[in-house]
Each structure stands twice: as C-alpha cells, then as structure tokens.
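Below: the structure, in structure tokens.
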C-alpha cells in the first residue's frame, strides 16, 4: 500500500509536538522547534494541496503570480482579496522593522524583486525596475531549455546586501531544479517553516512554480522536495494542529493549465484549474506577527 504524501507533513507536526525544543522568537509568541526536515511530494498526476484542512488555493496562486511580476507592494495583492501580507506591510510593522519612512504596503526588496531584479538598487515599490538587475527567473527557464543537465538551475531570494531593507527576510530562500527522464523536479530550502500556516502554502506554491516552469520548458512535473531548517509550531497553533492530526488525508487534487502559455509573464490566475479538491474543513490559526 502506497503511503499518502501528506503523512510526511503530519508526521513532522507530530514530531515537533512530541519532541520539539521550546524557543523564543521574533514575534514573542514562542514556538516548539526541530532542526532539519525533508519531505518529497510527487507531482505526477496530482497536486500536493493539503487535505487535512482547507488551504487557501486562490491565495497561493495570486501570491505566486505577484512574486513572478516582481511586485513588492502588498496593497496590490490585498486588492485581489489576498490579505496574507497586509500585517507585514502595515505602518506599525514597518516602523518596528526600522522602515517607518516607507509607504504602507512597501515591503522592500523581497521575493519577487530578487527573482526578477537581483542586484538592482531598490528605491520603493512604485519604481519601474525593467532592465535592472539579474532576471533570475527568466534566466533559469532559458537555461533549462538550453542545458537541462545543468547543476546550476538555482533561484534565490536571499541577498545579504538587501536584508536590512526587507520588511521580512525570505523564509523560503533558495530552490534548485533538476531535469531527468522528461520530468522537472524542484527542491526548496526553507530556513524557517511555520508548520501551521506557512508550510502548507509553501508546499503548494513551489509545486505550482514547478508546474509552470515545466509547462514553459516542455517537461512534465516530477517531484517537489521540501527541506526545512527551523521547522516550528507556534504555541498558539498547538491545539488547532492537534485537531488536524485527528484527520485522515484524502486524495490530492489535480491541477490543469488550460491554455498554451509561452512566456512566464503571460500566466494569469484563470489559466489554472484545480480539480477534485475535497479537503476537511478549514482550521483557523492566528498569524504570528
């Protein structure tokens, strides 16, 4: 009998609840934490959107498209009904981060900026950066097409020179792609993983990115490998996660791309159809800010 991939996530949560080290953290909430975890999710004919609770699929999709656009303005995402970056872009949060001179919503040179304009001088979220810095994402796609056996198929959001200007340094900071047998796989290194809220989102987001890059390069999705550094459960998520652990995984949904897309910048939210997603009910959890 094949074990459902979702059990890897659930088993990590169990391990943290049973044996995690009690640690303080930036938010003041406190965590239980373990260091070093790996899980592998097959993308063949399925999409790893967790089923033991409902995951906000539209939020996953819109956030990734926002990254791909190179945007650093949380207001742009919020206007699409996705509020997941609102707290980190608030006037109060920016002031506490030493960035009180910024307009609310200006997150600094975070994920999308590093993916599309690595090395450019950051001014603000309204500036047009076209032609500035290294477009890692476009270069990555081109290299997969030209040299699929390359060991340099890397995309990074971690730029030490820019960290002080970011509202929040990247948690999911580096991924590497790998081509074999006509399939594209992706391995993500995540320095900090919030098991209750963030990690289910991150699994889906990088799996979606793998589907998109595979589509553009004429490959099939293979595996998503997720490596976590500090894997933690916030103390106010312990009881909600205990509820989640009582539930059995259901079949993963399938993801279809509905039209032929030729350029990474041409993807739209309506290009994706998630089919057969029948999860357990949502479990409310407060985000630690």
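Note that Cβ sites are derived from N, Cα and C of the backbone, with glycine treated the same way.
Cβ neighbour count for residue 194 (dUMP binding site) (all protein chains, 10 Å cutoff from its Cβ): 24. Look at Swiss-Prot and you will find 26, 151, 152, 191, 192, 193, 194, 202, 232, 233, 234 tagged as dUMP binding site, backed by similarity to another entry.
Swiss-Prot lists 171 with the feature active site, nucleophile. Residues within less than 8 Å, Cβ to Cβ, of residue 171 (active site, nucleophile) and separated from it by at least 6 positions along the same chain comprise 190, 191, 192, 193, 194, 198, 202.
Swiss-Prot lists 194, 288 with the feature (6R)-5,10-methylene-5,6,7,8-tetrahydrofolate binding site.
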- Can you tell me the three-state DSSP label for residue 171 (active site, nucleophile)? coil
- Note on the structure: Filtered by Cβ under 8 Å and at least 6 apart in sequence, the residues in the chain of residue 234 (dUMP binding site) near it are 25, 27, 29, 30, 31, 194, 196, 288
